[in-house]
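Worksheet: the structure to be examined is printed underneath.
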Amino acid sequence: MASLATAEVCDSNASVLASGDLRVLHPVFQIYGQNRTFSGPIVTVKVFEDNVLVRELLETRGEGRVLVIDGGGSLRSALMGGIMGQLAQNMGWAGIVVNGCIRDVDEINECSIGVRALASNPVKPGKKGVGEKHVPLHIAGTLIREGEWLYADSEIELSV
């Protein structure tokens, strides 16, 4: 990923982009964390204003994977903060994409991972453990499937 920008990937794969095998997320995410560029196989989780399942996944070895969290686009509370950012870094996750909010932005920005989120919100999420892991997601105008690869740079996120 480091040697090829997402714009170049789109330019050189127009037919794959047109077929839907290469998908581009709508440009709605803010950039956080020290790594502006990251990539890896996708792990998915779907939650709503509850981050118990997010933490469970981040407590597993990341092995260079990217956690994609569908928080339903809620801006009412954060789904992860600085402690989870540090956990993700320590467990070897390459990055996290949050269709929702994060908190503790300064702490997350100190972590050596890439994070994308819609916004920040200081409100803590619920802790009921409700949601689904390892399911297809529809976020930012794009279908995201577990096991596909996500590539992110300063411009855009791609799922293939």
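Even glycines carry a Cβ here, placed using N, Cα and C.
Under the heading substrate binding site, TrEMBL lists Gly81, Gly82, Ile83, Met84, Arg103. Per TrEMBL, the feature Mg(2+) binding site maps to Asp104.
Excluding the listed site residues Gly81, Gly82, Ile83, Met84, Arg103, the same chain places Ala78, Met80, Gly85, Gln86, Ile102, Asp104, Glu107, Ile108 with Cβ atoms within 8 Å of the centre of the substrate site Cβ atoms. Within the same chain, the residues at least 6 positions away from Ile83 (substrate binding site) whose Cβ sits under 8 Å from its Cβ are Asp104, Glu107, listed in sequence order. Other Cβ atoms within 10 Å of the Cβ of Gly82 (substrate binding site) number 17 in total over all chains. Other Cβ atoms within 10 Å of the Cβ of the residue listed as 'Mg(2+) binding site' number 20 in total over all chains.
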